[in-house]
Amino acid sequence: MTARGPLLKDELDIVIPTIRDLAFLEQWRPYLSPYHLIIVQDGDPTKKIHVPEGYDYELYNRNDINRILGPKASCISFKDSACRCFGFMMSKKKYIFTIDDDCWVAKDPSGHEINALEQHITNLLSPSTPLFFNTLYDPYRAGADFVRGYPFSMREGVATAISHGLWLNVPDYDAPTQLVKPAEKNTRFVDAVMTIPKGTLFPMCGMNLAFDREMIGAAMYFGLMGDGQPIGRYDDMWAGWCCKVICDHLGFGVKTGLPYIHHSKASNPFVNLKKEYKGIFWQEEIIPFFQQVVLPKEAVTVEQCYIELAKQVGEKLKGLDPYFTKLAEAMVTWIEAWSELSGCQKAK
């Protein structure tokens, strides 16, 4: 918050996927209550979700998704946090902050509460440096600058499309690591933000994430996961791999590091293993695929890049499993639905 009021109040939506009451928002009230929430209710659409008083929100369940998208609703995952991307589609704002319902306000080493949203906004409104690494990390932060030897021609940086935040307490581990280290907690607060270099992929976590919806939103599709699919818990990572390849192609930046949230509880590692099992093997081929993707120079919009990426997924990963043919088709359906809704919003 600033003396002038909440930053980007009229330009940012908060998207939350959930299957339960949102009591966690009470702790976030000082930071999130001025903003508009888009809640995507997963699971049973007849269940009543309680939202604390004083929040401005719209809530969508599976019936709403089917009503709004019609046959194209098939691209939105069911019984998986990937359903959150429907909220990205329904937003009319420039920026999105998405957070999970088991994330609390974290504290820095001095004991002060961290305004995660404010830090995300700071990240998104400052440039990124994907073309040349600055050893003092983010050179645009107060008290930092470009180090000796950094080319002056690159010091303007590029626009930042994604701000990827981190977590204290329960780490974002896969099921095998959870099983080996069931009691491990992340207590290490690293006061740093850095740009992920061009050509480098990363495992994007969706529980504490912000992005420029106008810049990269069309690629922020969390895939086809959960109920009826052979894989889960790879939704945010799939979106991260797709977005990073497209950001590299179009010249956008991705930042990671601050802000931290407090991840309150670990999900069941045995349930997670069942969801992740195939992905643990598939990722060994999926990641090399993304590392080798080349997008044509004629692809100059995110939508064009994403359609081309879907085509390559369908062609090059179908031998891994028939699921990837289905996923490629869903990627195209997502872009069609995104374009239709964006057209409707612009026409209003």
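Cβ atoms are placed via backbone N, Cα and C, with glycine included.
What TrEMBL says about a protein is an automatic prediction, not a curated fact.
Features as listed in TrEMBL:
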{"type": "CARBOHYD", "residues": "ARG148", "note": "N-linked glycosylation site"}
{"type": "SITE", "residues": "ARG148", "note": "site 'Required for activity'"}
{"type": "SITE", "residues": "ARG155", "note": "site 'Required for activity'"}
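With a cut-off of 8 Å between CB atoms and residues at least 6 apart in sequence, the same chain places PRO139, PHE146 near ARG155 (site 'Required for activity'), listed in sequence order. Taking the Cβ of ARG148 (N-linked glycosylation site) as centre and 10 Å as the limit, one finds 5 other Cβ atoms among all the protein chains shown.
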